[in-house]
Every structure is written in C-alpha cells, then in structure tokens.
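Below: the structure, in structure tokens.
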C-alpha cells in the first residue's frame, strides 16, 4: 500500500517540477512563486546631498511643500529647497564601492509604463532610475498659442515647458487680443472697441519688447537668512534673463539660469536666490531681459543687517529731525580708518542709493545701513520715472502703451495690463518723448559711464594720475583742464616725473558742454584720472575713467601694479 502511494506522490512532484521548469524557461514566473514587485519606497538621496552644486530649484516653485518622504511619490524625496522649506523632488542615486545604489533600485530601469503626470514633463533615466523632468528643448517653428494664464507663447511646447517649470496646468484658449507690435518707431495701431480675434497659428510674426509683471521691491533681511528675487517678465519671443550685481570698481559677473556662484543661485526659471546672506551681499541686483524686440533692466535692492541692528535701521534720523540735505551731496567716505563694511550712500548723479565700502572715518553722514534708510533720508522727490522699467502689471485689460528705455535711449511700445503700473507709462510715443529722459536739475543728462571698470581702464590707459582740477576752459566740442598732480601711478609716454610742481594740461575731446563727460569740474576733491597720449599731449575722451579718489581704489591700483595684473590681461584679453 505504501509503495504505490509513494510512487504516485513522486510522479505528481515530477510533473509540478517539470511545469515550473518550463515556465521559468519561458520567462513566466508561476503565480504562487511570483517575485515581489519592485518598490522604490523613497529610496535614494536628495540632490544637494549628492553634490553641493545640485540644488532643489524652483521647478516646483516651492509649492509642493513637505515635511517627510511619506508625503511624496514613492520615487521622490522630501528635500530642502530654495525657499528655506522642503519640497518633493525626484531622488538621485550614486554608485558606492561594492554597491549599485540603494536597495530597491532596478538594475536596468526603462521609461516603459512610467507615467509623468505633470504637464510638459517627460521621462528620463538618471543614474539608472526613471525620473520626470521638464522639457529643455522646443521646436523653433512659430505657432503662437494663447494660454489660460493670459500670455501668448511661441508655440505649444513653450506653454507646456512653462507649466512644468511652475508646477501648474495651462490650457489653450482662444486669443481675444492681437496686437502687431513695432520695434520702435511707428506708433501702435489703433484698436477698435471690439478687438478682433486671431488664431494661435497666425503666421504673422508678433513681437513685443520685455515688460515686467510686478514692480521690483527692496528687501531687507537679517544675516544668515535666505532671500529671493523673481524677475517676472513677459515678451514675444520669450525674453532671455540674466542677473548681475552692481559692483564697486569691479566688472559685474553675469549669471544665467542654472548658475551657482558661492551662496548665490539662479534657478531654471531665472529666480535669483541668496542663501545665508551676509553683509557683503547687500547691493543692487540687476535683472536684464532681452529679446529681438528690445531689452529691459530692473534693479532689485537688497539690504543685509545684523540682528540687533534691524530695529534701529528703520529710523532715518534721530528725534524725528530732518536729515541735512547737503550731506546727501557729499561723496562716499571710502577712506580706511578701521573695519570695512558694506554701506549705502546717495549718488546724486544716479539719483539713487548705491553700496560702497565704508571705512568708519565718519567724515560725513552720507552712509546708511539699508537702502530704505538712504532713500528716506536723501530722496527729495520721486524716483526718475523714465529710469523705471516698463511694467505690464498683473491685470489683463490689455492696452498698447509707450515707455522710455534707458538702455536704448528711445521710447518703445509695450503691453499694459491696466493696473499697478508705474510712471514710465505713456499713451503715445509723442508724450513719452516729451517727458523723457528724466530731467535732472536744469539738464537732461545721464550719468557718465567709463568704457571699462577701474582695473581694465588702468591697463588700457597711457597715463594714470591722482590730482585736482584747478582750471577748466570750455571750447566748441572740446576743452582744456589744468590738473595739479599729486601722484603719478602710470606714465608710458610723457615723462611726468620731470613735471615737478607744474600743473598738467589735459585736452578734453568731443565734449557736449550741455552734459559734459567725463564729468570734470574745478574742485579740491582728489580725482583718479586715466587717459591717452597722442603726440605728447594728455587727452580724455567722453568714456575715459575719471572718478573720486579713495584709499580703497588707490590700494587696488597699487596691488595691480605690484602683481603685474596688466601683463596677464594683455596676454589673455588682447589689451594694448
């Protein structure tokens, strides 16, 4: 009895084993022995844990906030973002010796059956892991598309990319307004009371110069905090955005999207973020937006104060007394008398407050902790309207307007949304040209700007002296200045060391005496003067460097001479 049963038992087992072997050879695991499905379960690490140059930028615009990984999708992690909080972002993986990433990472992952729900996103393999990312390339063929956010995009792909970058959903809508914008000169076409409609596929090239949606505002933060500026611009085609900080005596460093420099980051939507702000981070941060139709520059002031100074900086003058107006006209006190700090001073020529290096000599009162305190003390009138950027505003009652562009020196058309604009907003080109550029004093003059900054100008110049202008003679289209020389820093062609106590005669070329540049006036204030030599004569052109002398500037120039910086610049930049 036992033997037959045993044979039947082994016979059945052999059948089961054969079936299992057949299924395995065919690549179909039996249901009872199916492998457990791969689960990501928040495996991986945050981008900034893997590489300090990888940041959780504004792709989610800080809206997908979280506190733990469990609040995110299984393939995501809860990571610190640019806003100082945390948001869900696709996890990253890196190979470790002897390991191939965290447990649960598939060996050969593909995008098959991997869905990206965000509009404008697509699947990509990152270190063997499928992740969703925003499209970074769009076709160049125009197919203008009106979207539910009130904007017109170059084509559908650009609309989807914008939706992805902001983590929102955009839909195509019927175009209600259609303006054909000129570059500069001709006035905008008159519109009827009932605007015509146009198909998004209109082949007519529609261009509009960049315009801001929101007015730039000053921000003041305490040391160690995080601050961000968003240059929210519109234009057709979509403007390219760059950021730069206005630096004293140095070339500005231009930063583009996805650019990291120290504690300053420009995200993929061109949002400027400053982490762990320090006193030296204070200053004017300038956003430049440009497309084929025009260029726009907007200044975003940032003040950084110590914690115990935050309350004190709100008062512009003690006991409520008016700040002496004469102090606002004095040059910044850059002499070195102790600890150097970044402060603000009022620049009457620029009609704005700018940063400088304060050396605690206290020779005048034109130094402030914050931009706001400086403006409250010294800004006697409204900010020059013509120097403001074109501002569309958030509303959608679109109308054609004109604004003065200080970069091109011309009035240009832009789309006004109907609310929250600024003073640089005119109903016609004629009205714009009658009002701009903004008159300063009795003249319509712009600030003189040298062709290069301090160091580059020094290397390009034939002579550099420290001196005071004792006499100035005006002639048609030119002039002569007698300069009492205090010190010769550079002299390649004139032999100034043999001059003795005699003043140096400098010829001023191509001078418009209504708005003279360089701004040379008779004064006891010491100047740094850099110019050219032709036939043994010292000459200054309108773009020559002439600026107030300070211990810091002179120290910088001595350092340039000592380190032979000009030799390096001549070799790599071709200076002569």
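Glycine is treated like the rest: Cβ placed from N, Cα and C.
Per Swiss-Prot, the feature disulfide bond maps to 46-79, 62-83, 66-78, 72-88, 134-164, 146-175, 231-287, 328-378, 386-436, 395-419, 411-432, 448-517 (among others). Taken from Swiss-Prot, the feature domain 'Ig-like C2-type' covers 210-303. Annotation comment: Swiss-Prot describes 328-378 as domain 'BPTI/Kunitz inhibitor 1'. Positions annotated as domain 'BPTI/Kunitz inhibitor 2' by Swiss-Prot: 386-436. Sequence annotations record features per position, and here Swiss-Prot assigns domain 'NTR' to 445-566 based on sequence analysis. For 319, 519, the entry in Swiss-Prot reads N-linked glycosylation site. Among the features that Swiss-Prot reports, signal peptide is placed at 1-34, with the record citing similarity to another entry.
Here the features listed in Swiss-Prot are painted onto the structure.
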| residue | record | CB count, 10 Å |
| --- | --- | --- |
| 79 | disulfide bond | 22 |
| 134 | disulfide bond | 21 |
| 164 | disulfide bond | 24 |
| 231 | disulfide bond | 28 |
| 287 | disulfide bond | 25 |
| 328 | disulfide bond | 20 |
| 378 | disulfide bond | 25 |
| 386 | disulfide bond | 20 |
| 436 | disulfide bond | 23 |
| 517 | disulfide bond | 21 |
What count of other C-beta atoms do you get within 10 angstroms of the C-beta of residue 432 (disulfide bond), across all chains shown? 22
Around the C-beta of residue 46 (disulfide bond), how many further C-beta atoms are within 10 angstroms, looking at every protein chain? 18
Do any of 66, 134, 395, 448 (disulfide-bonded residues) have a CA within 10 A of residue 79 (disulfide bond), and if so which? 66
Including all protein chains shown, what's the count of other C-beta atoms within 10 A of the C-beta of residue 448 (disulfide bond)? 18
Check the Cα-Cα distances from residue 66 (disulfide bond) to the recorded positions 328, 378, 519 and tell me which is shortest. 378
Look up residue 386 (disulfide bond) in the DSSP assignment and report helix, strand or coil. helix
To the nearest whole angstrom, what is the C-alpha distance linking residue 419 (disulfide bond) and residue 328 (disulfide bond)? 34
Roughly how many Å lie between the Cα atoms of residue 287 (disulfide bond) and residue 328 (disulfide bond), rounded to a whole value? 27
Taking the Cβ of each of the disulfide-bonded residues and counting other Cβ atoms inside 10 Å, which one has the highest number: 66, 419? 66
If you draw a 10 Å sphere around the Cβ of residue 146 (disulfide bond), how many other Cβ atoms fall inside it, taking every protein chain shown into account? 22
Nearest by Cα to residue 517 (disulfide bond), of the disulfide-bonded residues 164, 432, 436, is 436
Would you mind sorting out which of 78, 88, 328, 378, 432, 448 (the disulfide-bonded residues) have a C-alpha within 10 A of the one on residue 386 (disulfide bond)? 432
What does the DSSP secondary structure composition of the domain 'NTR' (445-566) look like, as residue counts for helix, strand and coil? 25 helix, 48 strand, 49 coil
Work out how many Å separate residue 88 (disulfide bond) and residue 448 (disulfide bond) at their Cα atoms, rounded off. 49
